[in-house]
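Asks: Dropping the structure in here first, questions after.
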Amino acid sequence: MLCSLIYMSLVFAIYLSATSTGLNVMTQIFEQKGYDYLGNISIFTIFLFGMIGNFVCILYIRKLQYRHSFFIHSLGYLLFLISGLLVCNCADKEGGMCNSFWIYLITIISSAISGFTSSGLFITQNDYVAQLSKQSKKAGLYYGIAWAVLQISQVIGSLYSAFIIVQIKQFYFYCLMVAVATFGSLSFLFVSQPKQHTQSIIQLQEDDKEVSNNEEMNKLNPISVILTMKEFRVKCFIFPMMITGCLLSFQWNVMHYIIENSIDTQLLSDEEITKYTLLVMTVLGCCEVLGGIFIGVFNTYTPKYTSQLLQFHLISIALLLAIINTYEQKYGICFLIAILWGLVDCGTTSTLLAIIAQDWNDQIQYFGLFNFLQCCGGMISTIISIILSQQPIEWSIFFLLICVCASKFSISCYQKLYIKQ
């Protein structure tokens, strides 16, 4: 089981080393090429259609073999990277496919497809880890390992891109990202099925309750995702689940502004500015790997709700440092922010998924709800980023800080009830 988990996570890491790196610098590169707000609109579209995709994907994912589900749903981000090629190629051209209308249209359509398929990709991943962790009963550890290995993608992608992008044009940078993502997609076809899927019908029939639960799960529909929000435990986790999307949106939409604000961009080329961004993202990725491993082990011996609160406290400190850096404008502080951010960003997601897998019986509608709320949070955060784009950057940071505080309050409320019971 552990070998299957590590292989899947490593393939995911290779795949995301291209897609995540492309997304991390997408808004920055698009603005450098003169396509204002195209990056923000693309991210908003990804989150919007990712939210829609969660309602559809839960209907058929368990009817597919995991390897096929991984492969099919990985093609969306690949299409989005190809649209990045078009943007970079058309930077100094006009007419034909390089007309601004076609650039925006093609990029937005590819963003919609990638958003829809990404929901299926991550639901498949979450469900796969849940099935592997059933027998070990160590969901916290398994999710920690999965997300730690997965976050190697942040390190690998940002590190090699930071040095390559200065040597080659941004167009060839996207060519490289497409090639790496294609290799990752094909590698998904070799993911093995969890052993518990090979149990015989006779063994399943020995446990009538389990059979009943399986039949109930087969009756899933999009409304079942919404209905789960009526449960008290789910209500308490609406903000924490949404905040994971807000953190992604912040990393894609706002982080590069904090970095650019701390360096003299007038003396640097576009590729050199992107290099400075990618170096910070490399440190962030390293800390996400360490944070995923540490928090995975930490969650095995500590109540996951206490762990989640601690992680939100560290995020609050990182955001306060970001506000301070808008005035100090020190590049070194960006690395401190990246260290704190990386240590808890991966852990926040893996802890929530461990709660769903272990405490909420890994029902797939809860994974769908998690991705739905994550997309919803990312979409709202992106809209706020666009609205506040002409305002001082600390306004966007302060908005996210308020959301983190709301998440801490809701988890505290649930934790008090949990302890009483």
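Quick reminder: no glycine exception, Cβ is built from N, Cα and C everywhere.
The annotation transmembrane segment is assigned in TrEMBL to 42-61, 70-89, 101-123, 144-165, 171-191, 237-259, 279-298, 310-327, 333-357, 369-389, 395-414.
Explain the structural surroundings of these features, please.
Replies: Below 8 angstroms of C-beta separation, residues 23, 26-27, 30, 69, 73, 80, 107-108, 111-120, 123-124, 127, 220-222, 224-225, 245, 249, 252-253, 364-365, 367-369, 371-372, 374-376, 378-379, 382-383, 386 of the same chain, each at least six residues beyond the ends of the transmembrane segment (42-61), sit close to that stretch.
Distant neighbours of the transmembrane segment (101-123): 35, 38, 41-43, 45-54, 56-58, 61, 69-70, 72-77, 79-80, 82-83, 86-87, 90, 364, 367-368, 371, 375; these residues of the same chain sit at least 6 beyond its ends, with a Cβ under 8 Å from one of its Cβ atoms.
Within its own chain, the transmembrane segment (310-327) has Cβ neighbours under 8 Å at 240, 243, 247, 258, 261-262, 295, 333-334, 336-337, 340-341, 343-345, 347-348, 351, 392-394, 397-398, 400-401, 404-405, 407-408, 411, counting only residues six or more beyond its boundaries.
Below 8 angstroms of C-beta separation, residues 126, 129-130, 133, 139-140, 142-144, 146-148, 150-151, 154, 237, 240-241, 243-244, 247, 251, 258-259, 262, 280-281, 283-292, 294-296, 299, 304-305, 307-308, 311-312, 314-315, 317-318, 321-322, 324-325, 366-367, 370 of the same chain, each at least six residues beyond the ends of the transmembrane segment (333-357), sit close to that stretch.
For the transmembrane segment (369-389), same-chain residues at least 6 beyond its ends with a Cβ under 8 Å from one of its own Cβ atoms are 37, 40-41, 43-44, 46-48, 50-51, 54-55, 115, 119, 122-123, 126, 225, 228-229, 234, 238, 241-246, 248-250, 253-254, 352-353, 356, 395-396, 399-400, 403.
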Asks: Counting only CB pairs under 8 A, let me know which of 70-89, 279-298, 395-414 has the most with the transmembrane segment (237-259).
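Replies: Ranked by Cβ pairs under 8 Å, first place goes to 395-414.
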